[in-house]
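Some notes on the structure that comes next.
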Amino acid sequence: MITAQHLTKKYGNQIVLNIESLEIPKGQSFGLVGNNGAGKTTFFSLLLDLIQPTTGHIMNNGMQVNTSEAWKPFTSAFIDESFLIGYLTPEEYFYFIGELRGQNKADVNALLANFEDFFHGEILGQKKYLRDLSKGNQKKSGIVASFIGNPEVVVLDEPFANLDPTTQIRLKGVLKDLAAQQRVTVLVSSHDLMHVTEVCERIVVLNKGEVVKDIQTSEKTLEELELFFGKKSDSSKTASGT
Amino acid sequence: MFKHFTTLQWKSFFRSASLGKSLAIKILMGFFALYMLSTMLMAGIGLFFGLQKAFPGTDPLTMVSNYLIYWVLAELFFRYFMQKLPVMDIKPLLTIPIKKRAITHYVLGRSGVSIYNLFDLVFFTPFTVVLLFQGYPVLHVIGWFVAMIAVVLSINYINFLINKSNTALLALLILLGGSYGLDYFDIYPVHELAGRLFYTLYQQPVFAIIPILLTIALYSINYRFLRNRIFLDASLRQKTKEAVTSDLSWTRKFGDIAPFLQLDLKLIWRNKRTKVQVFVSLAMIFYGLIFYSIEDFGLNSVIMVVVGILMTGIFLMNFGQFIPAWDSAYFSMIMSQNIPLRKYLEAKAGLIALSVVVMFLLSIPYVYFGWQALAINFSTALYNLGINIPVILFFGSMNKKRIDLTKSPVGNIQGTGAAQFLVGIPLFGAPMLIYGILTLLFSFEVAIASLAILGIVGFAYRKPILDTITLSYRKKKYGMIAGFQEKNG
């Protein structure tokens, strides 16, 4: 579904992303982990054509994302609050997104009904604009909006951050359901190793812009990841010590 | 403690985003501030002599005293809208070991040196100096001056007390209108009564103690009010308005640009800055009155083309020049959602075209001044539709500055860059030039017909033109996304 070839992104002399080759098959639930500055958001921004690659390109279902716009109808994303329109109410925002993706109000309402639990009664019918909601509730709205219109690719950057424990657990359920449908490719980045191992079939670790690990998730994955990140911080400690 | 606060203030000013703006705008704003201050200064100096000349035989100071009451009420009225207590700035100070007492004094004290008070000071100081030079007794004049400064500060602190209630505004308006009405219809000489009070401040400088005490009292009320409310859930919480949902299903008539049209209408209606622009645009329809009623110009003058372009195209300019920066807060979403850029631009063009039509319809009554007025407004409206809409959209592709919609509209120049200054040249210059040359060579009729035809041609070719503009947006897309994400741009 998604392939990246010779993909690099440089700012000045600094290489922030350097992926020789990465292929994500259709229907895979794909997790991206890494420390701050590892290049997770850069990769997602490239995938959504929000920034230009220095070299290489990303193909999304056969379409090259930085030359064609044809990937937009089946791709949806929530990266950060800049994906929300502050002066709309959550409902209006959902309907607006729905309209862009060819869904009428009834379709959107049907989808939203599945998320009543997830919203916990704090989103719909609150007579509040999105800009006045709490960070967590804004995030919930953005995540649910990215499910509107039966997308085939869903990109979520740090979906677990800022959410309360109950919602985190519910979100995991939602993402697992999505992954179970073989049609939908889910891309998730996270700092929370536990969540990501639970949700994703495959985990790629980025470090300073490069793929350092590519794991099919098993019972040992969490241990392996913890070992990797723990060791890394140790080695950096000794490095800074000397 | 105050030293720390002052350095903080200093840094926040010099490191603020507005100072990081381009040099041209800084200079412009500087000139504006200088202009305002010098106007106040000149008024302060000139008022005495002006009154002496206009009302010979009356003491100018009596005249000033008589109308001080209106100044006080008017200033309260304006400050109600303009001046807010800057409480949000103290949020980060709350968890730092600083006594809340000190924070409160700091916030209140800082408001004492606000720009509004400075304007008054710049007015009263030269006026006082003139009084002294005119041989008014020093002690009395100084007493009066001190009293005036105390009155200014009282206004300052009253404003913060009444700022939260709309009833206070209404009361103020009734008081202002009522006393003026009583005066105007000779029912009761309000200004004389108030004037006598203010004049007493001059006659008996000791009484200056009254406004001083008033200031102190108001300050302590403010202090007590604020001191008990320096909590996140009290005065530091930003108020949230209840959302009103609107249907806007009538926009369906416009086909597949309808969702964007709805979004833009909500954008305009739910954000202060854009809302103000709608009112400014509507008020602009009266602009023509000034020029049409001045006989010197004549109905065929080039200036009427400017009037026509401006009246029918004011919204085009005000709103259009910041496309797509209005959407900057969520621009990455717009760019990655299932929205073809062309549709997005078409919707903006549609909205502006709608405004041009509405403004033209509103300008029809100018036919009263002669058929030429209608002809000019019609042809300039067509020109706006066909030529100026694409022009302004094209210049929009150069916008890279973020607009934060939640910021107050007053004096807000966020999002302004070189493109905003440049765009005026083709918008006004081109039609003026065309009209000017053609009237000179041929006739008025040929000139306005040419403007109209140009507009129609532009409108007929809007599809290929829009394609070109879309291309230029696509090229500059990454720059826009990056620029709009810079919060301090």
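Backbone N, Cα and C define each Cβ position, glycine as well.
As written in TrEMBL, here are the features:
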- B:23-49: transmembrane segment (TRANSMEM)
- B:61-81: transmembrane segment (TRANSMEM)
- B:115-136: transmembrane segment (TRANSMEM)
- B:142-162: transmembrane segment (TRANSMEM)
- B:169-190: transmembrane segment (TRANSMEM)
- B:202-221: transmembrane segment (TRANSMEM)
- B:276-294: transmembrane segment (TRANSMEM)
- B:300-326: transmembrane segment (TRANSMEM)
- B:347-368: transmembrane segment (TRANSMEM)
- B:374-396: transmembrane segment (TRANSMEM)
- B:417-438: transmembrane segment (TRANSMEM)
- B:444-461: transmembrane segment (TRANSMEM)
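Counting Cβ pairs closer than 8 Å and at least 6 residues apart in sequence, the transmembrane segment (B:374-396) and the transmembrane segment (B:23-49) reach fewer than three and form no contact. Between the transmembrane segment (B:347-368) and the transmembrane segment (B:300-326), three or more CB pairs separated by 6 or more residues in sequence fall under 8 Å, so the two stretches touch. If you look at the transmembrane segment (B:23-49) against the transmembrane segment (B:115-136), you find at least three C-beta pairs under 8 angstroms, all six or more positions apart, and that counts as contact. A contact between the transmembrane segment (B:202-221) and the transmembrane segment (B:300-326) is absent, since fewer than 3 of their C-beta pairs, 6 or more residues apart, lie under 8 Å. Cβ atoms under 8 Å from those of the transmembrane segment (B:444-461) belong to residues 300, 305, 372, 375-376, 378-387, 390, 431, 434-435, 438 of the same chain, restricted to positions at least 6 beyond its ends. When each of B:61-81, B:169-190, B:276-294, B:300-326 is scored by its Cβ pairs under 8 Å to the transmembrane segment (B:115-136), the top-ranked stretch turns out to be B:61-81.
When Cβ-Cβ distances below 8 Å are used as the criterion, the transmembrane segment (B:169-190) is approached by residues 69-70, 73-74, 76-77, 80, 162 of the same chain, each at least six residues removed from its ends. Outside the transmembrane segment (B:61-81), and at least 6 residues removed from its termini, the chain residues within Cβ reach (under 8 Å) are 47, 51, 55, 116, 120, 127, 131, 136, 144, 151, 155-156, 158-159, 162-163, 168-169, 172-173, 175-176, 179-180, 190-192, 194-196, 198-199, 201-202, 410.
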